[in-house]
C-alpha cells in the first residue's frame with residue numbers, strides 16, 4: 001500500500017483487460033455518459049493547447065459531451081466548441097511547439113482579471129523534433145522554454161486543473177520519411193526533461209501540474225494499430241479522454257463505480273453511533289470475560305497440601321450469561337463490520353473493474369461442479385425437496401450467482417437469463433417452504449413471524465447502518481421479506497385453512513384454492529398498475545424502506561421481474577402435499593416417484609422442457625423483451641429441474657454435502673458479497689493482493705466465506721436472545737425494537753437535514 005491518492009495511479013499506471021478495457025492501478029474508472037459529462041462540466045471552460053495529438057484528445061473529449069461532433073476543424077488552427085444547453089466551452093489552441101507564443105498565451109491567463117479556464121491540457125514536442133531534425137540544440141531549447149512556462153502553469157494550478165500530457169511513443173516502422181527523425185529515444189528524452197522541470201519549483205501541493213503519463217502506457221499497447229505511426233487509434237484516445245473525465249469529474253459526480261480520485265466519504269452520525277456501540281460492546285465483553293475467568297480460577301481445583309490429593313471444584317465450567325453471550329455476538333459483529341467498512345468505504349484496499357470473458361465464468365462453474373459431485377452422500381430422508389436437497393439446491397445456485405457477479409457475466413445475455421431463473425428458484429423455494437410450514441404446522445403465532453423476519457433482515461439492517469446504504473439497496477432481502485408476509489397474510493387471514501382442518505372436508509381445499517386465486521388476481525393487478533403499486537409503497541414508513549434514489553421504481557421493477565414464481569411455489573407445495581397425503585407418489589429409498597411408465601414420460605418431458613427453455617434463453621437478443629416473458633416462463637425450467645432431480649429414486653436418495661454446506665449460509669453469502677468480495681457496492685472487485693489476480697481471488701474468497709459463516713452463527717445466536725418463545729418477554733423485546741427503529745429514524749432525519 002503506497003498511499004490513498006488514486007488520482008496519481010489513474011494518471012500514471014494501469015493495464016488493459018482484453019483489448020479495449022483500460023484498468024487503472026488500484027481503482028475503478030467510470031464510463032461517463034453524455035448527460036453525466038454535461039452535468040459535471042456545466043458552466044466550465046476547458047482548453048487544450050498543443051499539436052495534432054492534443055487535437056485528437058480534444059475531439060475525443062468533446063465527443064463525450066456531444067457524440068455527433070465531426071472532426072472537421074482546421075488542422076493547423078484553433079478550434080472552438082460550445083454546448084449552450086450546459087454553458088460548456090471547450091477550445092483547442094494550436095501551439096505545436098513549446099515556445100514564446102505558447103508562453104505568452106498561458107501568461108495572459110495569469111494576469112489581471114482575465115477569466116481562467118477551469119481545465120487546461122497542454123502537451124507538445126514532436127514538432128520540435130521534426131522541425132529541428134532531432135538536434136540536441138532543440139532539446140536544450142525545449143528545456144529552457146519549459147522552465148520559463150512551468151511557474152506560469154503552477155500559478156494557474158492553484159485555481160485550475162492543469163495537465164501536462166507526456167508524448168506518446170511512435171511506431172517507427174510506419175513513420176513517413178518526413179517524420180523518421182521522431183524516434184522513441186528522442187521522445188523519452190523530451191518527456192524526461194518535462195517531468196524533471198515541472199513542479200520542481202512548486203512548494204504548494206495545491207499548485208501542482210498533473211503529469212498525464214498514462215497515455216504513454218496506452219500507446220505502447222496500441223500504437224501498432226496506428227494509421228501513420230504517429231497518431232493513436234481512435235479507441236486509445238477515447239480511453240485517454242475518459243481518464244481525463246474521471247480525474248476531474250469523479251470528485252464532483254461521485255459515481256459508485258468510479259473510485260479513482262474520490263475522497264473517502266465522511267462518517268455519518270449513525271455510523272459514529274454504531275462505532276461507539278460496537279466499541280462499548282467489545283470493552284464490555286472483555287471486562288465480563290475477565291471477571292468470569294477470575295471467578296473460575298478461584299473455583300478451580302487445587303492440590304491439598306497435607307494429603308497431596310486434588311480437590312474437585314464446586315463449579316466445573318463457567319456459566320455463560322445472556323448478557324455475556326449478547327456482548328460476545330456484538331463483539332464479533334463489530335470486528336466483522338470494521339472489515340466491511342475498511343473494504344468498501346475507506347480508501348484502504350484497492351478496487352478494480354470487472355471484465356467478462358467466457359473462460360472467467362465457465363471454468364469456475366466446471367470446477368465447483370466437479371467438487372460438488374465429489375462430495376456426494378446419502379440423504380437422511382428421501383422425500384421430494386427434503387432439507388438436504390433444498391440446501392444443496394440453494395448452495396450450488398448461490399455459488400453460480402457469485403461467479404456470475406465477480407466475472408461480470410451480466411453483459412452476456414444468455415448467462416443473465418439463466419441467472420434470472422436461479423433467483424426465481426430462490427423465491428420459488430420461499431413460496432414452497434413457508435406454505436408447507438403453515439399448511440402442515442398451522443402455526444401462525446407471532447414468535448414464528450418474528451423469528452423469520454429477524455433471520456432475514458438482521459444482517460441487512462446492520463449493513464444499512466454501517467455502510468450508509470438504504471434498505472432497498474439489498475433488494476433480495478426486501479423481496480423475500482415482503483413475499484413471506486404475503487404468504488403469511490394469505491394463509492392466516494380468516495378462514496385459516498390448514499391441513500388438519502382440510503382433512504375433515506374436501507371443501508376446505510377449494511377454499512384454499514380460492515384464496516390462491518385471489519392472491520394471483522392481486523399480483524396480476526399490481527404488476528400492470530405501476531401507479532397503484534407505487535402509491536402503496538410510497539406511504540410512510542414503507543417509503544423509508546423501499547425507496548431508492550428518491551422513488552420506488554427500482555422496487556417495482558424487482559418485484560415485477562419474479563412476480564408469479566412465489567405463487568407457483570405455493571401451488572406446487574399444495575399439489576405435492578395433496579398427492580403425498582393421498583399416497584399417489586412413492587418416496588421410498590431408490591423407488592421412482594411414480595410408476596415406471598409415468599416416471600419415464602414425465603422425465604422425458606422435463607428434460608425436453610429444461611433444454612427448450614435454455615435454447616430460448618440462449619437465443620435472447622433483447623433484455624427488455626426477455627424480462628417481460630421471464631415471470632411467466634421461468635417456472636418451466638424450475639419444475640423441470642425438480643422433476644429431473646426427484647423422479648429417479650437413486651438421484652433423490654443422494655445429495656452433495658459440499659453444496660449443502662454453502663446452502664445453509666446462502667443468504668449471508670449473497671449479502672456479504674456486496675462489500676467484502678466485490679467492491680464499490682458490487683460494481684467492482686475487491687483487491688487485497690494487487691498484481692496477482694488468482695491469488696487475490698483465493699484469499700478474498702476464503703475470508704468472505706469465513707465471514708459469511710460467522711455472521712450466520714451470530715444471527716442464529718442473537719435470534720434466540722432477541723426473539724424468545726415467551727409471549728410477554730417477546731412483547732417487551734418488540735417494544736425495544738420499535739424504540740430502536742424510532743431512534744434510527746430520528747437520527748436519519750437529522751442526518752438528512754445536515755446533508756441538505
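Even glycines carry a Cβ here, placed using N, Cα and C.
Pulled from TrEMBL:
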- 22-72: domain 'NXPE C-terminal' (DOMAIN)
- 253-734: domain 'Cas1p 10 TM acyl transferase' (DOMAIN)
- 269-291: transmembrane segment (TRANSMEM)
- 325-343: transmembrane segment (TRANSMEM)
- 355-375: transmembrane segment (TRANSMEM)
- 396-417: transmembrane segment (TRANSMEM)
- 452-468: transmembrane segment (TRANSMEM)
- 474-494: transmembrane segment (TRANSMEM)
- 506-526: transmembrane segment (TRANSMEM)
- 561-579: transmembrane segment (TRANSMEM)
- 600-617: transmembrane segment (TRANSMEM)
- 659-679: transmembrane segment (TRANSMEM)
- 685-709: transmembrane segment (TRANSMEM)
- 730-750: transmembrane segment (TRANSMEM)
Practice prompt. May I ask whether the transmembrane segment (561-579) has at least three C-beta pairs under 8 Å with the transmembrane segment (474-494), counting pairs 6 or more apart in sequence?
Written response: yes
Item to complete: Six or more residues out from either end of the transmembrane segment (506-526), which same-chain residues have a Cβ under 8 Å from its Cβ atoms?
Response: 486, 490-491, 493, 495, 497, 532-533, 536, 563-564, 567, 570-571, 574, 578
Item to complete: Could you check if the transmembrane segment (452-468) is in contact with the transmembrane segment (659-679), meaning 3+ Cβ pairs under 8 Å among residue pairs at least 6 apart in sequence?
Response: yes
Worksheet item: Among the recorded stretches 561-579, 600-617, 659-679, which has the greatest number of Cβ pairs closer than 8 Å to the transmembrane segment (685-709)?
Response: 659-679
Worksheet entry | Intrachain neighbours beyond the transmembrane segment (325-343), with Cβ under 8 angstroms and 6 or more residues off its ends | 274, 277-279, 281-282, 284-286, 288, 349, 462-463, 466-467, 675-676, 679, 686, 703, 707, 710-711, 714, 717-718, 721
Discussion item. Under 8 Å between C-beta atoms and at least six residues away from its ends: which parts of the chain pack against the transmembrane segment (355-375)?
Written reply: 17-18, 21, 23, 395-396, 399-400, 403-404, 407-409, 411-412, 415, 656-659
Discussion item. Which sequence-distant residues neighbour the transmembrane segment (659-679)? Criterion: at least 6 residues beyond either end, Cβ under 8 Å.
Written reply: 28, 259, 339-340, 343-344, 349, 351-352, 372, 375, 388, 390-399, 401-402, 405-406, 426, 456, 459-460, 463, 467, 474, 476-477, 685-687, 700-701, 703-705, 707-709, 711-712, 715
Item to complete: Helix, strand, coil: count each for the residues of the domain 'NXPE C-terminal' (22-72), based on DSSP.
Response: 22 helix, 9 strand, 20 coil
Worksheet entry | Distant-in-sequence neighbours of the transmembrane segment (561-579), which means Cβ under 8 A and at least six residues beyond its ends | 384-385, 420, 423-425, 427-433, 435-436, 439-440, 479, 483, 486-487, 490, 499, 509, 512-513, 516, 519-520, 523, 526-527, 585, 627, 630-632, 634-635, 638-639, 642
